[in-house]
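Take a look at the structure set out below.
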Amino acid sequence: MYALGDWRRTHYSSEVNSEMDGQEIIIMGWNHSIRKLGKLVFIILRDREGTIQIVAPKQKVSEETFATAKSLGKEDVMAIKGKVVANEKAPAGFEVIPIEIKILNKADTPLPLDPSEKVSADIDTRLDKRFLDLRRPKIQSLFKLRSEVLKSIRNTFHDNGFIDVDTPKLVASATEGGTELFPISYFDKEAFLGQSPQLYKQMMMAAGFDRVFEIGPIFRAEEHNTRRHLNEAISIDCEMSFADEKDAMEILEKVINNAFTDIYNNNQKELQTLGIDLKVQETPFPRIEYTEAVDMVNAKGVEMEWGEDFSRPAEAALGEMMDGFYFITDWPTEIRPFYTLPNEDNPKLCKAFDLMYKDLEISSGAQRNHKYDLLVEGIKRMGLNPEGFGTYLEAFKYGMPPHSGWGVGIERLMMIMACQQNIRECVLFPRDRQRLTP
């Protein structure tokens, strides 16, 4: 008992089928469920790829194997060497008759959470016992989709000439001058966890890297306690030289469209497990100007002044009128970050955009201000001290090209794709205002 020995898995559950009739296999996983019917034991073994039925008839297996089968408890870890037997009456058209069963570890009882989902639990209980919650097939399917989405996004970036970079997550000042920072002890200096790779992405444009992307953690000390906010998230960021905001939106559309297309083509099993009928939206996505969006919100009976950001009621009103992905463009300069480039013909508006999905903000982006003097003016206009951005500003003195970019939170993207109402469902171990463990 408990020793793997020289056994190694030959197949995942999904790889076994009735055409393997008579073949000997080794499968490994957890005891998802068990039924003991006198001289017959039915075991459902669960692994990463699904479940498989093992049938142990007393008259066809050794006495030791039958006794081991009967002794299995729920969520015990096991390895089974057995023979595939085609059986039209079996749910999958076959079953596995065990030759030998190894119990690799026993699970304590009672279980604090039921991975078979026969007993429901609220989200706080599930997150407290997340290691058990993550065994649930639906949850595993969601994170398989997440992995494939990130793979698709990386492929799209590489196919379009972007270089993968990693920027510091320990920083000396705020990216956008805000107070939403987590301070940390950094020897004898003041430091913070990075809230965005924005300034470093722009410095890479000055370095001549032309097109870069990064997928990494961001930290924001926002006191939101909603189903849409996290204090630690994974951000997908890109920056591109010699490009305006329209070029940035085009790349963003391509990234989103390719991810949805790849998932639709390659991950129907996971989509079916989650009960999702995935739709791939055609590009280009609709575009509406900020001023038009404000008028639409007011027409819905939600009061909003020009120059304000969209409140939750305003976003909800837009979501009732707009279906799927769409861009909001031409924002007021005063409410966008200091590095956003104003329009030449109307400086009150800037070359910024948000990507929305119904009422949910997915991404913010813009063409950036690449002129040193104008950037310093923008910093001062926001009530910030340019001296706090010395290293960043220096990069603009020696030939910074025009550039644009954006950032997307993978968790919000997965909320859309996996039809989740709570962003915590899309994170292995979420960090929010109340939760620092597990």
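Each residue, glycine too, has its Cβ placed from N, Cα and C.
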From the candidates E270, E282, E361, give the one listed by Swiss-Prot for the same ATP site as R220, A221, E222, R228, H229, L230, G409, I410, E411, R412.
E361
Swiss-Prot tags one of 198-201, 234-237, 246-249 as region 'Aspartate' - which one?
198-201
What does the structure give for the C-alpha distance between H229 (ATP binding site) and S364 (L-aspartate binding site)? Integer Å is fine.
15
Expressed to the nearest Å, what is the distance separating R412 (ATP binding site) and R368 (L-aspartate binding site) at their Cα atoms?
24
Helix, strand or coil: which one is I410 (ATP binding site) in, per DSSP?
helix
Conformational class of P91 (site 'Important for tRNA non-discrimination') under the three-state DSSP mapping:
coil
Compare the C-alpha of P91 (site 'Important for tRNA non-discrimination') with the C-alpha of each of the binding-site residues R220, E222, I410, and give the closest one.
I410
